[in-house]
Structure formats: C-alpha cells, structure tokens
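Listed in TrEMBL for this protein:
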type: DOMAIN; residues: 4-99; note: domain 'Pyrroline-5-carboxylate reductase catalytic N-terminal'
type: BINDING; residues: A70, T71, K72, P73; note: NADP(+) binding site
type: DOMAIN; residues: 161-265; note: domain 'Pyrroline-5-carboxylate reductase dimerisation'
Amino acid sequence: MKNVLFVGAGSMAEAIMAGIVEKGAVDPSSVFVMNKSDEARLSGLEERYGIVPVRKEDPEVGRAELVVFATKPKDVRQAMNDVAGRLHLEAAILSVMAGIPIRTFEEGLGSRPVARSMPNTSATIGLAATGVAMNDAVCDRVRGDILSLLGAVGIVKEVAEDDLHLVTALSGSGPAYVYYFTEALEEAAKTAGFDGADARELIIQTLEGAAAMMRQTRMEPSVLRENVTSPGGTTAAGLRALDDAGFHRAVASCIRAAENRSRELAEGK
Ligand SMILES: NC(=O)C1=CN([C@@H]2O[C@H](COP(=O)(O)OP(=O)(O)OC[C@H]3O[C@@H](n4cnc5c(N)ncnc54)[C@H](OP(=O)(O)O)[C@@H]3O)[C@@H](O)[C@H]2O)C=CC1
Ligand SMILES: O=C(O)[C@@H]1CCC=N1
C-alpha cells in the first residue's frame with residue numbers, strides 16, 4: 001500500500017500509526033495525518049514516527065489510496081465534509097469509529113470501497129483484536145490491503161457489520177475493563193497494606209500468564225479455572241465472594257451497556 005491518510009490523530013490513530021510504522025507495513029513518509037486544530041499533536045506524531053502532517057487543502061489528501069477515519073463519532077460529518085471532493089476517486093475508506101455505519105461513509109463520500117473496523121489500543125504494540133466488515137465495492141486487492149494494514153497491528157476477524165456493535169463492547173472497549181480490573185486489584189492490595197510496585201508486577205504477570213495459558217493450552221477457561229480452585233481453598237472463597245457480589249450479572253450488563261451505546265452512536269445520539 002502506498003499512501004495512507006489518517007483523518008483524526010488521537011489515541012486510536014496513534015496506536016495504528018505506531019503499529020504499522022514499527023512493523024514496516026507502510027513507509028512513514030507515505031503516512032499523512034490531519035486533525036482538527038491541534039498542531040502540537042501533529043508535530044509530536046511527526047517526531048515520534050516520521051509521519052507527514054497535512055492540512056485538508058494539501059495535495060497529499062488527493063493522493064491517498066486508503067483514508068482512515070479516526071475522529072470521535074460526533075465529528076464524522078464535519079470530517080467527511082472537510083475531505084469530500086478532495087479525495088481520489090478510487091480512494092478506499094477504513095473507519096475505526098464506534099457505531100458509525102458503512103452507509104454513512106457511502107452517503108458522505110460517494111460510492112466507493114468502505115471498510116468499518118473496530119480495533120483496540122493494543123495496536124500500539126501489535127496486539128490489537130480487530131473486527132472488520134466491508135461493503136461490496138471492496139475488491140480483492142483493497143480487501144488484501146485493509147487486512148494487511150489491520151493485520152500488521154494484531155489479529156483481525158471479518159464479521160457481519162451488525163456484529164461490530166458487540167465487537168466494540170467486547171474487544172474495542174475490552175482493554176479498559178482489564179485496566180479497571182487491575183486498578184481494583186491494586187486498590188485491594190493497597191488496602192491490605194501490600195507494596196504497590198510489587199502488587200502491580202504480580203498482577204500484570206498473572207494477567208499475561210492466564211492469557212497465554214488460554215491461548216497456548218487451548219483448554220476451556222472453565223477447566224483452567226477449576227485447575228486453580230482447590231476444594232475448600234482460597235480461590236473457591238474468592239470466587240464465591242465474586243458470585244455473591246453479582247459478578248456475571250455485572251459483566252453481562254457492562255457488555256450490554258457498551259453494545260447499546262454503540263447502537264446509539266449509529267443513530268447519531
Ligand atoms: N480509544 C480507543 O480505545 C478506541 C477508539 N476507537 C474509535 O476511534 C475514534 C477516535 O477515538 P480516539 O482516538 O480515542 O479519539 P481522540 O479524541 O483521541 O481523537 C480524535 C481526533 O479526531 C480529530 N478530529 C476532530 N474533528 C476532526 C476533523 N473535522 N477533521 C480531522 N480530524 C478531526 C481530533 O483533532 P483535534 O485534536 O485537533 O481536535 C483528534 O485528533 C472514535 O471514533 C472511537 O470510537 C476505536 C477503538 C478503540
Ligand atoms: O469508548 C469508546 O467509545 C471507544 C470505542 C471502543 C473503545 N473506545
């Protein structure tokens with residue numbers, strides 16, 4: 001892929017940019033980035049990754065083969081208006097925005113290849129979990145380009161467009177749940193008077209180890225859990241306390257709330 005334009009230069013754009021530049025998937029001199037007004041932010045990205053800051057009136061906008069939309073959902077219409085009419089006729093669109101349907105881009109930017117994806121910020125270190133859906137205008141070559149760009153920053157699953165709401169709730173927002181769980185564990189350790197730095201190391205290694213066990217052994221999480229849980233032991237006591245506090249119910253309502261919010265964003269709410 002030659003020229004990629006990012007419209008939006010926030011956390012998600014940076015995570016993908018960092019990943020593709022680090023992996024050598026795209027030459028940084030072919031990565032153009034624009035935002036709304038924060039010039040210092042663009043200079044910082046230029047310094048860190050060697051990418052090229054651009055403004056909407058710059059000729060690079062018309063040279064992009066792939067245009068990645070990474071603004072907040074509420075800014076999508078303004079962002080499309082800013083570049084509509086300047087994009088190359090054959091430029092393909094890749095959105096990373098929660099909730100915004102493929103149809104919105106077809107309506108705003110004319111009939112062209114559009115992919116709607118939901119990555120997560122672990123793209124920064126090549127460990128994103130991404131779902132993607134594409135419209136019928138995406139040919140094999142563009143599909144290959146999009147999958148290889150997203151694949152450069154982690155794993156990619158092609159899903160039905162409607163399932164992206166659930167993917168958003170599960171893996172798009174997912175890192176935040178893990179960080180929140182970590183914060184809760186650290187807080188509990190602190191309350192018990194245990195050293196903060198040691199607690200953090202032990203927690204991070206525990207999360208990494210448990211994730212690697214699931215991936216490498218391919219055993220069911222429930223079986224791995226049972227292997228930890230000695231009858232009458234500490235784990236059983238801890239899990240019982242989680243159940244008593246409504247753990248499953250809390251997780252189910254977390255996913256439902258996030259999925260519903262994604263559906264609301266689709267309606268411009
Ligand atoms: N953060 C995450 O974990 C994830 C986010 N996403 C999705 O990614 C998208 C971006 O999120 P995030 O990176 O967190 O948001 P940020 O607020 O960090 O970044 C938003 C960016 O959009 C820019 N922007 C706003 N309006 C325009 C415009 N008209 N033209 C060009 N750029 C514009 C802003 O520029 P300026 O600063 O100058 O105002 C800013 O660079 C969202 O739609 C979100 O749903 C998807 C997966 C995970
Ligand atoms: O919170 C959000 O809306 C975005 C989408 C997924 C992660 N962050």
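Glycine too: its Cβ is placed from the backbone N, Cα and C atoms.
Projection of TrEMBL feature records onto the structure.
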residue: A70; record: NADP(+) binding site; Cβ neighbours (10 Å): 24
residue: T71; record: NADP(+) binding site; Cβ neighbours (10 Å): 25
residue: K72; record: NADP(+) binding site; Cβ neighbours (10 Å): 14
residue: P73; record: NADP(+) binding site; Cβ neighbours (10 Å): 19
K72 (NADP(+) binding site) - helix vs strand vs coil (DSSP): coil
Residue distribution over DSSP helix, strand and coil in the domain 'Pyrroline-5-carboxylate reductase dimerisation' (161-265): 90 helix, 0 strand, 15 coil
Segment-level pLDDT (mean, integer) for the domain 'Pyrroline-5-carboxylate reductase catalytic N-terminal' (4-99): 95
Check: same-chain CB within 8 A of NADP(+) site center, minus A70, T71, K72, P73: G8, G10, F69, K74, D75, V76, A79, M97, I100
